[in-house]
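These notes are about the structure you will find just below.
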């Protein structure tokens, strides 16, 4: 069953999977692996290694303007999955305000160098990308160069027989601190992956494929070809990640956030238990990476006391009739919100004051102010006391310059001897201080055939304000 709806909320493939028909029209090489069926739709042959490789190259070109070479017989990365991983790291960096001069380490970058290429292109990160295979390093270096990212990504060959994974790389540049490291380790222990991968005898190099090697397995949905080094390692992924943990104990906060992708759920427990032995010195987080028919996990840990790995709140979202973005921007403008483009995926809205609550009281106050002075005097007359303390200054509202006194009204209650009295007053700020936004949110709109899906993510401010605002906008836009 597809898990696309559980992808990272900022992943554009979540609500808009690749349009094979449009890709076939635009890219002749991709068209070779497509077939038109009677209902006018296009089917794609996922069972061919060349087809899967072409799909990845096409998506990288169209959606990220990346021209990437992936040699036959090497692992073909799935773009939505890799973007999910990068977005989770981006969440952690933003939550900890680690967004300037970000330098990361990609362990086992592979021929595609996809983590570093997406990170540099999409998030403006810098990378040291390492690999123990000389061919992978050579091809990765060529991919970086032809995409004009040599100033952002340095591809380094490391000795695969050395036990340490990070120490040599980090100590090469002693005065540099790294924001994060990331890794997609080989999943299988040597000799234990034979039920899922068999050697491809048609290949001139040592290549393995996930073609059916056992009568007890069903045929895979998508072809996977890879070299031995990309699939197998002594001790499997648990042993490999333990080597990263060993280095992290020595490096401590030279790397702020250590992360790795985990391919098998059974690997999480022993790794988590190992990290928990360090007690309060370490913070741990496990996140799920959902995409297509595949589930992976991200294990993150830190020794830095200033870094928080608490679970990041998932954005709130709702669906509405088209054009959702146009109506959303109109309503935010009415609420005196300020919009700016953050990147190709999101816009940011800022509000200096809460203008979306107590709408009935606001409408009543506005109606009172628009009435004639005689009616207003009659309406306001009641035998109650009201005291309003005015601030010192020029008498202007610090947010809207509308004056520091807005309204005072008395409202009858069920008790004949009691009235509810509501007063609203604004006070100017001393010394001409300009307040910052009380809430900042990241908004992303995904377009479907008949509706738009709008996602809201809290950047700063109150969660209560976020929920109030989203509910207010939903009531207006979805009706």
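Cβ coordinates are placed from backbone N, Cα and C, and glycine is handled just like the others.
If you look up Swiss-Prot, you'll see 82, 108, 131, 164, 184 marked as S-adenosyl-L-methionine binding site. Residue density at residue 164 (S-adenosyl-L-methionine binding site): 17 other Cβ atoms are found within 10 A of its Cβ, drawing on all protein chains shown.
The region 'Involved in dlc-1 binding' annotation in Swiss-Prot covers 420-424.
A strand conformation is recorded for residue 131 (S-adenosyl-L-methionine binding site) in the three-state DSSP classification. Here residue 131 (S-adenosyl-L-methionine binding site) comes close to 108, 109, 110, 137, 140, 155, 156, 157, 158: these same-chain residues lie at least six apart in sequence, with C-beta atoms under 8 angstroms from its C-beta. Counting every protein chain shown, 24 other Cβ atoms lie within 10 Å of the Cβ of residue 184 (S-adenosyl-L-methionine binding site).
Annotation note: residue 82 (S-adenosyl-L-methionine binding site) sits in a helical segment as assigned by DSSP.
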